[in-house]
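Engineer: Take a look at the following structure, please.
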Amino acid sequence: MYLVESKGGAIACMLLALLSLGTWPAVLTLLERRGRLPQHTYLDYSITNLLAAIIIAFTFGQIGSTKPDSPNFITQLAQDNWPSVMFAMAGGIVLSLGNLSTQYAWALVGLSVTEVITSSITVVIGSTLNYFLDDKINKAEILFPGVACFLIAVCLGSAVHRSNADDNKAKLRDFETAKQEASGPSTEIGTNSSKDLETNVTTKPKEGTARFLIELENTRAIKVFGKRKIIGLAITFFAGLCFSLFSPAFNLATNDQWNRLKQGVPKLVVYTAFFYFSVSCFIIALILNVVFLYYPVLGLPKSSFKAYLNDWNGRYWAFLAGFLCGFGNGLQFMGGQAAGYAAADSVQALPLVSTFWGVVLFGEYRRSSRKTYLLLFCMLFMFISAVAVLMASSGHRK
């Protein structure tokens, strides 16, 4: 079994996890904006997310010889370690609930702000719990100022969402006024939205304009016009609460701080715990998304399992997202085993990556107000500061 034994190796795992975990949300957002039902996408994503855990378990988990206190993956499957297994599976359940929630929050709140708020809540609650579970191996005088920065980022993220929503309402209102002045009687938003008002020639709308927002609304799967701002924020905060619990649960699974294992039974190695973690994550995702096929939420159209099986539009992108998330989580846990899970939560800086994709790929916050830009800058500044502080707090597990 391969173990990360150095602080440098742990930080390398965190950085690779950061890149992976910051990219897969952008892939799912792209599919939703192209009109693919989120239920279909999440089912595909869940398959490769589980497959990534299996690959990690049978490679890194089987490298080297078995030791009494660090058995290989297959050896540990037959051991009486169910108390730790249940903690790992509980972590997988809350992670799956969080990921499923964010898929809807990305549409309602935006990729950048959703990731900022959920990641900040994860650090504020999760890193605090991990600090005590890890016997305080992280430096408190460094860790908790970083946690405070993340807490401020939560407030700033909520303010960014409200300000940007107000900007979009103003754009749509001005666009409707311009249409009335140019063509007389009002027409329903969305009709001929991609045509120039003067020349009536079809043009591609510029990112951030009212026409861009209208065209996006017409093509995307989750409709956002008319939805209350509080709905998206409520889903986002629920997801953040779920995310804040999965890392402490995994910590308990691998380190048995509450002494639930029988005398002589070795603790779960990170690869075995990650396997059980991913199995429960897959099961809950499968159950909920099959239910959502027939009983959709947020006004989505009904589907069926047969329709899902026949929907190959964007399936390979969803598979890619699952691999990115699976390997990202695996790397996070490998790093956390060495440097402490409170420091490994620094991968919750993934909004820095997601914001890059949100701005570059999706044109988020284009042509927004100065107030929105100022709030966005302050939010990201707090994130950069908090991540640096959180990584500096990392200790080394004895």
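Keep in mind that glycine also has a Cβ here, set from the backbone N, Cα and C atoms.
Since we're looking at a predicted model, the values are computed, not measured.
So Swiss-Prot lists these for the protein:
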- Ala221, Ile222, Lys223, Val224, Phe225, Gly226, Lys227, Arg228: ATP binding site (BINDING)
- 183-200: compositional bias 'Polar residues' (COMPBIAS)
- 176-200: region 'Disordered' (REGION)
- 1-10: topological domain 'Extracellular' (TOPO_DOM)
- 32-44: topological domain 'Cytoplasmic' (TOPO_DOM)
- 66-81: topological domain 'Extracellular' (TOPO_DOM)
- 126-139: topological domain 'Extracellular' (TOPO_DOM)
- 161-229: topological domain 'Cytoplasmic' (TOPO_DOM)
- 251-272: topological domain 'Extracellular' (TOPO_DOM)
- 294-315: topological domain 'Cytoplasmic' (TOPO_DOM)
- 337-341: topological domain 'Extracellular' (TOPO_DOM)
- 363-371: topological domain 'Cytoplasmic' (TOPO_DOM)
- 393-398: topological domain 'Extracellular' (TOPO_DOM)
- 11-31: transmembrane segment (TRANSMEM)
- 45-65: transmembrane segment (TRANSMEM)
- 82-102: transmembrane segment (TRANSMEM)
- 105-125: transmembrane segment (TRANSMEM)
- 140-160: transmembrane segment (TRANSMEM)
- 230-250: transmembrane segment (TRANSMEM)
- 273-293: transmembrane segment (TRANSMEM)
- 316-336: transmembrane segment (TRANSMEM)
- 342-362: transmembrane segment (TRANSMEM)
- 372-392: transmembrane segment (TRANSMEM)
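Any idea what these are sitting next to in the structure?
Structural biologist: DSSP classifies Ala221 (ATP binding site) as coil under the three-state reduction.
Mean pLDDT of the predicted structure over the topological domain 'Cytoplasmic' (32-44): 95.
Here the topological domain 'Extracellular' (66-81) has long-range neighbours at 1, 3, 57-58, 261-262, 265-269, 271-272, 275, meaning same-chain residues at least 6 beyond its ends whose C-beta is under 8 angstroms from one of its own.
Same-chain neighbours of the topological domain 'Extracellular' (251-272): 1, 56-57, 60-61, 68-73, 76-77, 79-81, 83-85, 87-88, 91, 129-130, 133-135, 333-334, 336-337, 341, counting only residues six or more beyond its ends whose CB sits under 8 Å from a CB of the stretch.
Residues 31, 34, 36-41, 43-44, 104, 108, 221-223, 227 of the same chain sit 6 or more residues outside the topological domain 'Cytoplasmic' (294-315) yet have a Cβ under 8 Å from a Cβ within it.
Sequence-distant neighbours of the transmembrane segment (45-65) (same chain, 6+ residues past either end, Cβ-Cβ under 8 Å): 1-2, 24, 28, 72-74, 96, 269, 271-272, 274-275, 277-279, 281-282, 285-286, 289, 318-323, 325-327, 329-330, 334.
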Engineer: Count, for each of 82-102, 140-160, 273-293, the Cβ pairs lying under 8 Å from the transmembrane segment (372-392), and report the range with the highest count.
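Structural biologist: Highest pair count goes to 140-160.
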Engineer: For the topological domain 'Cytoplasmic' (363-371), DSSP counts of helix, strand and coil?
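Structural biologist: Output for the topological domain 'Cytoplasmic' (363-371) reads 2 helix, 0 strand, 7 coil.
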Engineer: If you count, for each of the binding-site residues Lys223, Lys227, Arg228, the other Cβ atoms lying within 10 Å of its Cβ, which residue has the minimum?
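Structural biologist: Relative to the other binding-site residues in Lys223, Lys227, Arg228, Arg228 has the fewest Cβ atoms within 10 Å.
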Engineer: Can you count the other CB atoms that lie within 10 A of the CB of Ile222 (ATP binding site)?
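Structural biologist: Result for Ile222 (ATP binding site): 22 neighbouring Cβ atoms inside 10 Å.
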